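According to Swiss-Prot:
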- H23: active site, proton acceptor (ACT_SITE)
- Y18, F65, N67, N113: tRNA binding site (BINDING)
- N13: site 'Discriminates between blocked and unblocked aminoacyl-tRNA' (SITE)
- D92: site 'Stabilizes the basic form of H active site to accept a proton' (SITE)
Amino acid sequence: MNNSPLLVVGLGNPGPKYVGTRHNIGFEVAEELVSRSFGSFSVHKRSNTDIAQLPGLIVAKPRSFMNLSGTPIRALCDFFKISPANVIVVHDELELDFGSVKLRQGGGDHGHNGLKSTSKSLGTKDYWKLSMGIGRPPGRMDPASFVLKPFGKQELADIPIMAADAADLVEKHLQQG
């Protein structure tokens, strides 16, 4: 990592309709990181995001829909002069069991449109991805429908634990530089 801050972007969809859905788990992690530092989000108009500036860290929640996440992420990188190597994108991941949390650098998008948009806008796949396992949809349910559904009651109880685990990984990554 260079001297620029680490940019952590929690992916999700804007608006009350999507609160508590699987696709918005990235927002949960962003909020956990900010609450740990007693910070708060404010609107960053240039990038159309809500951001919190913390020591060595900028946490963001795009105000765009998931499939267009790359544009605000690129705007933040340009504004704060952050290279893709200093970006962590937090996203829902169908290919991981529910409750699993995994940090990886580079690699594919696993069909995730928010990651596709980010890779296209940044011009590289070489940024960090913090994958939040939401599991596969039941039966023959369409994955696109599954990610837009709210978590079940039992799952909902585990979201704070997952968000805390993910925030721990970000803090460890920040400390290791």
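Keep in mind that glycine also has a Cβ here, set from the backbone N, Cα and C atoms.
Remember, it's a predicted structure, so these values are computed and weren't measured experimentally.
Mapped onto this structure are the features recorded in Swiss-Prot.
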residue	record	DSSP class
N13	site 'Discriminates between blocked and unblocked aminoacyl-tRNA'	coil
Y18	tRNA binding site	helix
H23	active site, proton acceptor	helix
F65	tRNA binding site	coil
D92	site 'Stabilizes the basic form of H active site to accept a proton'	strand
N113	tRNA binding site	helix
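Long-range Cβ proximity for H23 (active site, proton acceptor), meaning a same-chain Cβ under 8 A and a gap of 6 or more residues, is found for L11, G12, N13, M66, D92, V147, L148.
The maximal spread of the tRNA binding site, taken as the longest Cα to Cα distance among Y18, F65, N67, N113, is 16 Å.
Excluding Y18, F65, N67, N113, which define the tRNA site, the same chain contributes N13, H23, S64, M66, L68, S69, G114 within 8 Å (Cβ to the Cβ centroid), listed in sequence order. Least crowded of the recorded positions (N13, N67, N113), judged by neighbouring Cβ atoms within 10 Å of its own Cβ: N67.
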